[in-house]
Amino acid sequence: METELTQLRKQESNNLNGVNGGFMAIDQFVPNDWNFDYLCFNNLLQEDDNIDHPSSSSLMNLISQPPPLLHQPPQPSSPLYDSPPLSSAFDYPFLEDIIHSSYSPPPLILPASQENTNNYSPLMEESKSFISIGETNKKRSNKKLEGQPSKNLMAERRRRKRLNDRLSLLRSIVPKITKMDRTSILGDAIDYMKELLDKINKLQEDEQELGSNSHLSTLITNESMVRNSLKFEVDQREVNTHIDICCPTKPGLVVSTVSTLETLGLEIEQCVISCFSDFSLQASCFEVGEQRYMVTSEATKQALIRNAGYGGRCL
C-alpha cells in the first residue's frame with residue numbers, strides 16, 4: 001500500500017510540473033514585474049513529501065489523514081511575490097502639463113438620432129396617435145364607471161325639459177285652467193281655442209249683414225261732418241260787411257277768397273286768418289264803388305262757398 005501511495009504522489013507531482021510549465025507560458029504575456037514563480041509549487045510538493053505519516057498499513061488511517069496542502073503554514077513573503085509599486089500620473093511630466101494647461105475638450109459629436117430630436121418621424125406620430133386614442137378610450141370607460149349619465153339619458157332629459165317649458169308657457173296663456181297636469185292643460189287649451197273660433201265666426205257673420213248698409217252710412221257720416229265743419233256767414237250793414245268763414249283747408253284758399261271779395265266790391269279793412277287745423281277767416285270789409293249795392297249778402301255767401309269748392313250743396 002505504501003508503494004502505491006508513493007506512486008500516486010509522484011504522478012501528482014508530475015502533473016503539477018506540467019501545470020507549472022503552463023504557467024511559464026502564461027508569464028510570457030505578463031510584464032516582468034508580475035512573473036509567477038513555478039518553483040513555489042515544487043517547494044510545496046517537496047515539503048509535502050517530507051511530512052511524516054504514520055506507519056500504519058490500514059487504509060482507514062490513510063484516508064482519515066487531512067490533505068497536506070491545507071495544513072501548510074503560510075509562507076513568508078518573498079521578493080518574488082511582492083507587487084511593484086503603483087505609478088502615479090505625476091511620474092510622467094507630460095501628463096502634468098496636459099492637466100495644468102488650458103486644454104479644451106473636443107466637441108461632443110452626437111449621433112444623427114440625438115441631433116434631430118425635434119424632428120418626429122411618422123412612426124412616432126402614429127404611435128402617439130394610438131397612445132392618445134387608447135387614453136381617450138380609457139377616460140371614457142372611467143367616466144362610465146364613475147356613474148356619469150350616457151348620451152341617450154341626457155337627450156331624454158333635454159326633451160322633457162323642453163316639453164315642460166312649453167306646457168308652462170301654454171298654461172300662462174290659457175285663462176281657465178282646471179288642473180295642473182298635462183292632460184288638463186291640453187284639454188283647457190283646446191276648449192279655449194274652440195271658443196275663440198266661435199267668436200271669430202260670429203263677428204264675420206255680423207260684418208256680412210252690415211256690409212250692404214256700410215256704404216250708405218259712410219256717406220251720411222261724411223256729409224254730416226262736412227255740414228258741421230263748414231261755416232259761411234255774411235253780415236251786411238249800411239256800409240260795413242262782416243264775413244266769417246270756417247272750412248277745411250286747401251292750397252291757395254286764402255288768395256282765392258281775397259280775390260273773390262275784391263270782385264264783389266268789398267275791400268278788407270281788418271282780417272284774422274288761421275290755418276292750424278281748418279281754414280278760418282274773420283274779416284271786416286267796407287263797400288267800394290256803386291256795384292256793391294247791386295250784390296246782396298246771399299249772393300256774397302254763395303260766391304264764397306263756390307270759391308271753397310263746395311258748389312251749391314251746403315246752402
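Note: Cβ is positioned from N, Cα and C throughout, glycine not excepted.
Of the candidate ranges 28-55, 56-83, 196-223, 224-251, Swiss-Prot annotates residues 56-83 with the feature region 'Disordered'. Mapped onto DSSP helix, strand and coil, the domain 'bHLH' (147-196) counts 38 helix, 0 strand, 12 coil.
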